[in-house]
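What Swiss-Prot records for this protein:
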COMPBIAS  7-22  compositional bias 'Basic and acidic residues'
REGION    1-29  region 'Disordered'
TRANSMEM  41-61  transmembrane segment
TRANSMEM  64-84  transmembrane segment
TRANSMEM  118-138  transmembrane segment
TRANSMEM  162-182  transmembrane segment
TRANSMEM  224-244  transmembrane segment
TRANSMEM  283-303  transmembrane segment
TRANSMEM  329-349  transmembrane segment
TRANSMEM  420-440  transmembrane segment
TRANSMEM  452-472  transmembrane segment
TRANSMEM  506-526  transmembrane segment
TRANSMEM  559-579  transmembrane segment
TRANSMEM  633-653  transmembrane segment
Amino acid sequence: MEAAAPEIERCDAGDVESDHDGAAAAAERVPPWREQVTARGMVAALLIGFVYTVIIMKLALTTGIIPTLNVSAALLAFLALRGWTRAPALLLPGGGAASSSSRRRPFTRQENTVVQTCAVACYTMGFGGGFGSSLLALNRKTYELAGVSTPGNSPGSYKEPGVGWMTGFLFAISFVGLLNLLPLRKALIIDYKLTYPSGTATAVLINGFHTPQGENSAKKQVRGFLNCFGISLLWSFFQWFYTGGESCGFLQFPTFGLKAWKQTFYFDFSLTYVGAGMICSHLVNLSALFGAILSWGIMWPLISIQKGKWYPGNVPESSMTSLFGYKSFMCVALIMGDGLYHFIKVTGITAKSLHERSNRRHAKKATDEDTFVIADMQRDEFFNKDYIPNWLAYAGYALLSIVAVIAIPIMFQQVKWYYVVVAFVLAPVLGFSNAYGTGLTDMNMSYNYGKIALFIFAAWGGRDNGVIAGLVGCGIVKQLVQVSADLMHDFKTGHLTLTSPRSMLVGQAIGTAMGCIIAPLTFLLFYKAFDIGNPDGYWKAPYALIFRNMAILGVEGFSALPKHCLELSAGFFAFSVLINLMRDFLPRKYRDYVPLPTAMAVPFLVGANFAIDMCVGSLIVFAWHKINSKESALLVPAVASGFICGDGIWMFPSSLLSLAKVKPPICMKFTPGS
């Protein structure tokens with residue numbers, strides 16, 4: 001689940017597109033597209049992409065909640081390149097030749113935009129590629145957790161992770177998405193004037209950096225980021241010394257007592273999730289806490305009482321025929337109810353908007369009453385200037401599709417070539433619907449399209465091939481649809497910063513190629529160093545089991561559910577739809593108190609501790625806003641990103657130490673007093 005950053009939620013796209021920063025951007029000299037893609041920029045994007053891939057992988061393999069990191073990526077891109085251009089003048093006497101070279105090529109907002117786009121395309125592969133969900137669901141451990149004897153979970157329906165096939169799979173499906181909607185970029189960005197709120201917010205941030213006032217603000221943000229990065233990294237290093245055994249260290253600190261700790265109610269001192277809580281809205285964090293109380297505080301203790309009646313008493317709790325089955329399928333029910341509701345809602349909004357635009361176009365053939373400010377016209381002119389031929393997009397799409405149709409069935413024998421053909425034929429239609437809906441609502445529905453594809457391909461594949469076919473089909477559709485929407489989102493940022501579509505496409509392609517290599521390598525490092533997918537450990541990777549169970553449901557239907565699980569799951573599905581209806585139809589002053597179903601669902605499998613961490617982040621933001629609202633609005637994203645990056649980057653040396661069999665020297669553990 002990806003949560004929207006509050007600073008993005010507050011952005012008013014209408015005001016942004018006519019602001020003074022935008023006018024200043026339009027007035028300055030815009031470099032040609034080849035000068036916008038620079039070697040120093042690609043090096044910076046590679047470093048940022050690697051750092052954030054490590055962070056994203058940690059988040060995906062622990063809880064699956066991914067906050068929006070685009071704003072902090074833009075900040076890091078600015079920091080890296082501003083430092084690059086100014087370092088020679090500071091380090092060399094008189095500035096040196098390198099300094100004069102830097103002056104010859106100034107750091108522009110266009111270069112900043114391309115670097116941010118490239119870095120985001122790189123690290124997005126960490127969760128968009130399915131390493132915490134559909135791809136991990138293929139491994140043997142998830143196959144065994146789902147129940148070897150479970151109907152539909154056919155024997156041998158697993159594939160262990162490997163660098164070769166994972167890299168090949170990502171290359172086969174990711175680049176096609178870049179060409180999916182390329183011929184429609186003008187229609188979506190200029191003709192329909194879609195806002196793409198997150199893309200607009202990123203453009204505002206980048207435009208703001210490249211003004212005198214914005215540079216002063218950026219200095220404060222950089223200082224806040226570096227301070228919190230250092231604190232977070234040192235704290236993570238300090239914590240490591242106390243984790244020399246099972247259930248040891250500050251990660252298992254029984255903050256509210258041992259009884260609450262057994263039900264996962266404790267603060268685990270994870271600055272990653274404190275930072276994520278600072279970025280996510282208060283509603284997301286409180287929804288997660290509400291879900292934790294409902295599940296671990298009420299539901300699971302009550303269902304545990306039925307052990308021996310509803311489910312066998314002689315099987316481990318991690319079995320799908322035991323308590324874990326109820327946890328898993330009720331979580332799936334909440335997510336599916338939420339996803340289906342929003343899928344129908346966004347599809348309806350998209351259809352209505354397209355119909356209204358069509359009617360307006362017919363009614364105003366001769367005259368157009370819309371007025372454009374000069375800055376808008378200049379943006380449109382720059383956006384259209386560097387033309388990308390449509391034939392190139394069509395030919396590339398056809399060629400890459402043929403490669404995928406040949407390669408994917410070789411990787412997965414259960415996936416027939418015609419499954420891949422169907423996915424690639426549907427991709428442009430689904431991609432346009434998703435890109436248009438994202439532009440209107442800022443909700444990328446690629447995961448929901450992927451889940452629908454999962455059920456269709458799982459049912460189509462039948463009992464023997466259905467699980468693998470469903471999971472792979474889900475990954476194909478999700479990635480095709482997501483990449484095309486992400487590209488339109490980036491084109492919106494480029495449109496507002498006067499960045500060439502060609503340089504944006506090149507940056508996105510380079511970032512995608514980086515991600516296709518970095519993400520599998522990073523995942524395999526984590527996979528070999530830690531116990532990934534253990535439902536009782538830290539690295540729970542809950543979405544892997546959720547996706548596999550959805551594939552089993554697609555194959556077997558409701559016969560796969562434990563006793564009374566169907567009734568309970570149906571109740572949670574209906575509850576999910578109901579609270580979404582309440583959010584849409586209640587007066588605004590009440591709807592902000594209605595929880596979000598998907599945020600509620602994550603603690604069902606993961607536990608309450610991460611929800612408590614995120615609520616601590618919310619509490620910090622709330623208190624800071626009360627004390628100094630202007631300072632908090634400026635520094636919260638930077639401080640939160642520092643916490644996330646410091647704790648997240650420690651995972652890299654930590655995993656290397658684990659692979660080298662270097663164990664922490666101390667185990668700090670808590671037991672009841674005598």
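Numbering starts at 1 and runs along the chain as displayed.
Cβ coordinates are placed from backbone N, Cα and C, and glycine is handled just like the others.
Here the transmembrane segment (41-61) does not touch the transmembrane segment (224-244). Their Cβ atoms form fewer than 3 pairs under 8 Å, with each pair 6 or more residues apart. The list of residues near the transmembrane segment (224-244) in space but at least 6 beyond its ends in sequence, with Cβ under 8 angstroms from a Cβ of it, reads 72, 75-76, 79, 250-251, 269, 271, 275, 635, 638-647, 649-650, 654, 657, 663-668.
Among 64-84, 118-138, 329-349, 506-526, 633-653, 329-349 has the largest number of CB pairs under 8 A with the transmembrane segment (559-579). Counting residues 6+ beyond its ends, the transmembrane segment (64-84) has Cβ neighbours under 8 Å at 1-5, 7-8, 40-41, 44-45, 47-48, 51-52, 55-56, 102, 107, 111-112, 115-116, 119-120, 123, 127, 132-133, 198, 201-202, 205-206, 209, 218, 221-222, 225, 275-276, 279-280, 288, 541-543, 599, 602, 606, 610, 614, 637-638, 640-641, 644-645 in the same chain.
Within the same chain, residues 176-177, 180-181, 184, 188, 192, 194-196, 346-347, 349-350, 353-354, 401, 404-405, 408-409, 446, 449, 453, 473, 476-477, 480-482, 484-485, 488-489, 492 sit at least 6 positions outside the transmembrane segment (420-440) and bring their C-beta atoms closer than 8 Å to a C-beta of that stretch.
Counting only same-chain residues 6+ beyond the ends of the transmembrane segment (118-138), those with a CB under 8 A from a CB of the stretch are 2, 41-42, 44-46, 48-50, 52-53, 55-57, 59-61, 64, 66, 69-70, 73, 76-77, 158-159, 161, 166, 169-170, 174, 446, 450, 454, 468, 471-472, 474-475, 478-479, 482-483, 486, 490, 507-512, 514-516, 518-520, 522-523, 532-533, 541, 543-548, 551.
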